[in-house]
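Feature annotations, reproduced from Swiss-Prot:
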type   : residues : note
REPEAT : 6-35     : repeat 'ANK 1'
REPEAT : 39-68    : repeat 'ANK 2'
REPEAT : 71-100   : repeat 'ANK 3'
REPEAT : 103-132  : repeat 'ANK 4'
REPEAT : 137-169  : repeat 'ANK 5'
REPEAT : 174-202  : repeat 'ANK 6'
REPEAT : 206-238  : repeat 'ANK 7'
REPEAT : 242-271  : repeat 'ANK 8'
Amino acid sequence: MQVRNKDDILICEAIENYDSESLRNILENGADPNVRVPYQYSHLHNAIEKKNGSAVSLLLKHGADPNISGFFTPPLHKAIKKGCVDIARSLLEYGAIVNLEHYCLKPIHIAANRTESKIVKLLIEYGADINSEDGANGKYPIHYAMKVYDPFRLKIIKVLLDHGADINKQSVLTNTSPLYETRFITDDLLDYIISRGANINIKGRMGRNILHEIILRNGYNDFSNILVLIDHGADINALDDEGNTPFMLHTINNNAIILANYIVSLYYLSYKARISNGMEKNMKIINKCEYLSSCINIIKEEIERMKTFKIYDGNSFQDLSLFDLLSNEDNIAIVYRLSDTLLEKMNIIKTIFPNCFRIIQNILKMLTKRYEMLLEINNIMNANLVNTKWYTLPIEIRWMILTKLDDMILRNLLLQNETNNIKNCKKQ
């Protein structure tokens, strides 16, 4: 760092030597803390670079501008990049602009893309706009949080969501969901964001869902991401604006066979999927392609075996087959009741039905989770609507009404109830 006069030299030396006493004396004797040296680099920038919190505090106390930037990054942006929570707090206390944009990014965008949730909390405390767009792609802080591949990313995502960030907010320019930013999609990430209201089948540009986008991206580790998404309910049969399903965009290779197995299994086990236009198109491709069509007979054989594979817990459902259980969503309560029996038989099921195992697992998981949500909402409504017409309805009718709601609505109702409970607790 080049300097121009004796005071600048002494200030630089004091900062770099972490000599707070000398720095205090120099500043009290009238040295200018805002002197810009070549390239508009300031003493405040130098102190932040050295992570010298004492020097930052002294410079600010003696009049250093917390928003000084010039050619370089504003001090608050720099402190966030360096991971200095205490320095960032000092800057904010002395008037750093919390929503100042620099090269298209505000402090909250940078903080969300780091591994330190404390800085995100600090910025929110000082009024950061958690739903502000960046100046380049119109991405939001939640998009930047999703980019982080780190065990701590869930903490950052939680902080943002707890303070009102929209998990389904799509970027302005590319019209993609926050989930698209993630290069490593994991079970724990999907479980969490879905529980917080994420719609993983939301459509963006050209009517594409997350599977369309990831298949077109065709990047490193993307097939693993595709499988994790499918396991959590991403729709392989969804049609985009051009009439393409995600499967239609996938290269014909070994991975496509895995997807074909899944699609054919879904065809035989799910009536809703079977009658969709996307499924019809996917099945046409599989039937016409010699490389893929061999999986149809393999899946058919496993489906026939499912029809004779009895699920019996020793007490009831003696004549119920695995196929009957999976192919009828009305059996949701039975799935829940037999969950322990099914868990015990899972290794046997995997051995007998290797090609259908993924869809078997997913249907059981989906039905179990759905039943748990229905039970919870049923209990909430019964507790809160005692003196209403709802409570006068027969139990069977109440249950039938609730089962007409899709999973997304059920999750949103539970989230709303949780939010209301938190608000009521705060009032008390």
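Each position is counted from 1, following the chain as shown.
Just so you know, glycine gets a Cβ as well, placed from its N, Cα and C.
In the repeat 'ANK 7' (206-238), the DSSP tally of helix, strand and coil residues is 20 helix, 0 strand, 13 coil.
Per-class residue totals from DSSP over the repeat 'ANK 8' (242-271), listed helix then strand then coil: 21 helix, 0 strand, 9 coil. Proximity of distant same-chain residues to the repeat 'ANK 3' (71-100), defined by a Cβ-Cβ separation under 8 Å and at least 6 residues beyond the stretch ends, is recorded for 39-42, 44-45, 48-49, 51, 53, 56-57, 60, 64, 106-108, 110-111, 114, 116, 118-119, 122-123, 126-129, 132. Within the chain, the repeat 'ANK 5' (137-169) has long-range Cβ neighbours (under 8 A, six or more residues past its boundaries) at 108-117, 120-121, 124, 130-131, 177-184, 188-189, 192-193, 196-199, 202. With a cut-off of 8 Å between Cβ atoms, the residues of this chain six or more beyond the repeat 'ANK 6' (174-202) that come close are 137-140, 142-147, 149, 153-154, 157-158, 161, 167-168, 209-210, 213-214, 219-221, 224-225, 228-229, 231-235, 238, 408, 411-412, 415.
In terms of DSSP helix, strand and coil, the repeat 'ANK 1' (6-35) has 20 helix, 0 strand, 10 coil.
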